[in-house]
Amino acid sequence: MPHHEFECSKVIPERKKHAVIKGKGETLADALPQGYLNTIPGSISERGCAYCVAKHVIGTPMKDVIHISHGPVGCTYDTWQTKRYISDNDNFQLKYTYATDVKEKHIVFGAEKLLKQNIIEAFKRFPQIKRMTIYQTPCTALIGDDINAIAEEVMEEMPEVDIFVCNSPGFAGPSQSGGHHKINIAWINQKVGTVEPEITGDHVINYVGEYNIQGDQEVMVDYFKRMGIQVLSTFTGNLSYDGLRAMHRAHLNVLECARSAEYICNELRVRYGIPRLDIDGFGFKPLADSLRKYGMFFGIEDRRKAIIDEEVARWKPELDWYKERLMGKKVSVWPGGSKLWHWAHVIEEEMGLKVVSVYTKFGHQGDMEKGMPRCGEGTLAIDDPNELEGLEALEMLKPDIILTGKRPGEVAKKVRVPYLNAHAYHNGPYKGFEGWVRFARDIYNAIYSPIHQLSGIDITKDNAPEWGNGFRTRQMLSDGNLSDAVRNSETLAQYTGGYDSVSNVREREYPAFERKVG
C-alpha cells in the first residue's frame, strides 16, 4: 500500500497515513487510509462539527418545524440555507431559523431564561407551527444549560406544542459525523412511538437517510408509490415532525445514506424488529437493483419490472449521448461521506468517466471499505484533506472536473478546474433514472463550458487571443473526436426533461392496489 505524502504536509508526518494510492491487485486491507480520527493540529481541516451536521443535515429537512439553536448567532448562520432541502410546504424550514443569540453575559450568568423566552416568542411568531427542535451548541453545553428541562417546562405550559431536544454540541465527535449518531439516537429515544399512524397499504416502509436535496426524496417516493408501497416516514427529507414519530409501525426500513442514518435503522431493528434493506438511488443499475430488492421483499416484482422497463426505455438513450462525450474524462469524487462509494463505480460504468481520486471529510473506515474496492488502480484516496492538499492533488492528477462542496469547489475554480456541487447540487434532483441523466448533463456542461476559452486569457497583455477557427460552442468542443455514426445518431439525444421535474412528480396520480390485509 503506497501511502501518499503531500509536499505541503511533510511537516505533519501523521498525515501520511491518511492518503493512499491504490496499487495493482491490492487487497481491501492494503488500500485504506486511516479515517474518522481526531483532526491533527496544524492541518487546517475543512471538517464541520457535530452540531452542524445534527441541525444542518438531519434536522433542517423536517418541513413543519421551528429550528432554534441555543448559542451564538454565528452557529445558526453557518447552518442556514446552505443546502437545498426543498419541501412541499413552501420551504418553510429553509426560510426561517432561530438563534438565542447568546452573549458573554449569558455565559457568565446562564442562558436558560433566554432560551425559554425565545421558544415562546418563536411559537407566537408562527402560530400555525406547533413543533420545534432545539439544538445545543458548545458554549451553552459547557456552561451546563439544561435545555431538556426548559423544553419540558414549555410543553407543560403550552400543551399543544411538542419539542425535540438535540444535545449534539460541536465537540461531540472527531468530525461532524458525531452529530449523525447523536440526533439518530435522540430521536428514537424521545419521539419514536409517540404517535400512531394510519396504515393504508399492505407494504409499509420508512425511507431512511434521505433529505430531499432539490427533490431527491420526492423522486424516490414516486417509485415507491407507483409500486403500491406506503412511505410511512422519511428520515428526514420533506416529512412532518409527527410523521417521524410513527416510524415504529413500518414493515421495512429502506436505508439510503448509511453514514448519516444507519444508527436509527439499527435501533428500530433491535427495539421493534423492523428489518433493514440498503438501497442506492444513483445510477441506472444500482437503482434498478434496489427496486428489485424491495420488489422481492414484498412479492411485487411485476410492479417494479414495469417501472424499470418504462424508465430505462425513456432515459437510457439520453444517458448514452453524454457517455459518448464524457468517455475518458477524469473526475475527482470529493463529497462528504457515503457518496464516494455510491458514485465511484457507477460514474465510470454508466458515464464513461475515469475516477482518479476519492476523499471524505467525515467518513468512517466503513465508507472507505466500500469505496476503495469500487475504484481502479492508481486512485488517490484521502481522508480529511485540507485546502493545500486538495490543490496539490489537483496539480498532480489534473482532473477535468471535481464533484465536491462549495468550499473546495470554489478553490478549484481559481485554478481553472470546474466543479459540481455534490452536497446541494446545481440543477438536481440527481436521483432516479431521469435525475442520473440530469447529473450527466451537468457534468458535461461543466467540462465543456465555453467559458474555459476565456478564463485562460491573460488580460494584462495587449495581444488579442488567437481563436483559430473561432470561438467554439460546447458541442463543438465535445464532438470533435467522435465518429460520424455517434455524432449523427438518431437514437441518442441530449436531455429532454424540463427544468423542474419535481412539480410533475407532485401532480402525479397513483394506481390504487387492492389490499390483501384489512
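Each Cβ is built from the backbone N, Cα and C atoms, and glycine gets one as well.
Long-range neighbours of C49 ([8Fe-7S] cluster binding site) (same chain, six or more residues apart, CB within less than 8 Å of its CB): P138, G170, F171, S175, Q176, G179. What Swiss-Prot records for C49, C75 is [8Fe-7S] cluster binding site, and it gives similarity to another entry as the kind of evidence.
Just so you know, the Cβ of H423 ([8Fe-9S-C-homocitryl] cluster binding site) picks up 18 other Cβ atoms within 10 Å once every protein chain is counted. For C257, H423, the entry in Swiss-Prot reads [8Fe-9S-C-homocitryl] cluster binding site.
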Q. Using a Cβ-Cβ cut-off under 8 angstroms and a sequence gap of six or more, which residues of the chain neighbour C257 ([8Fe-9S-C-homocitryl] cluster binding site)?
A. G209, E210, Y211, G337, S338
Q: Could you find out if DSSP has C75 ([8Fe-7S] cluster binding site) as helix, strand or coil?
A: helix
Q | Nearest-integer angstrom distance between the alpha carbons (Cα) of C75 ([8Fe-7S] cluster binding site) and H423 ([8Fe-9S-C-homocitryl] cluster binding site) | A | 19
Q.
Give me the count of other Cβ atoms within 10 A of the Cβ belonging to C75 ([8Fe-7S] cluster binding site).
A. 24
Q. Any idea what DSSP makes of H423 ([8Fe-9S-C-homocitryl] cluster binding site), helix, strand or coil?
A. coil
Q | Mapped DSSP class for C257 ([8Fe-9S-C-homocitryl] cluster binding site), helix or strand or coil | A | coil
